[in-house]
């Protein structure tokens, strides 16, 4: 019984950037501002996509799912992160750590699959425009979105279970600002080679495979765009696709750096910065990328604001 109690701490200490206290205040400010922008930006995308009938298309259905993912993802980690930055006792309960690990991993895995589906949607819209409305019907969109969510949560159940089964032998100082698999594996007092190999395999499955499919889709899209004769049509298609490609680059670049690099105790802070980027910065930038570079969304915002003013009058 004592051995079990030692291997399962009642709480974890999230060290974050406590070894560099001068970084904590600027990081808190950046995280707070980014979190507020992420909340309002993603809520705005969800509302305008649902309330404007002109945005009831497959692309904006998947974009709504992405915004919902980002809302939940940031909320699962950021509030606890800000509390710990302001506190001298930087702790999280064991149950809170388990919940944070499971939810963030599930939503991150779901987003990997969803971004690949969104690239498939853009491929059909640009390369097969005559078949687009027939292929991407409402039922298929629902099925694809459901498959993304199920695959993400299934992966999280597997990964979280394997990670939490590792004996910790009383170790409870997590050298990170939230509970993430690579950081928790470092606490184990047994050989984690098998877990790291399994984590690398799922990284290939959920990161490299979707990214490869996305790059293939955009290779075909680039060929199709070059054949579009009216410059206006080409520019509109390029604007929509480039927004998605920008999101893909931000998300996959930092996630691959975190989950697919070999473990190295000498590179702690760069890993934390990478996690900070895809945990809060990318969800904050997603709404800005899709609104500032998308005429349809900006038009929908204007119509929604005009409708609100008419109601008030």
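The backbone N, Cα and C atoms fix where each Cβ goes, glycine too.
Summarising the annotation, TrEMBL assigns domain 'G-protein coupled receptors family 1 profile' to 41-290. Taken from TrEMBL, the feature transmembrane segment covers 25-48, 60-78, 98-120, 140-158, 200-226, 238-260, 272-292.
For the transmembrane segment (140-158), the residues of the chain that approach it from at least six positions outside its boundaries are 58, 61-62, 65, 102-103, 105-114, 117, 202, 206, judged by C-beta separation under 8 angstroms. Against the transmembrane segment (25-48), stretch 272-292 shows more Cβ pairs under 8 Å than any other of 60-78, 98-120, 272-292. Put simply, of 98-120, 200-226, 272-292, the stretch with the most CB pairs closer than 8 A to the transmembrane segment (60-78) is 98-120. In the predicted structure, the domain 'G-protein coupled receptors family 1 profile' (41-290) carries a mean pLDDT of 85.
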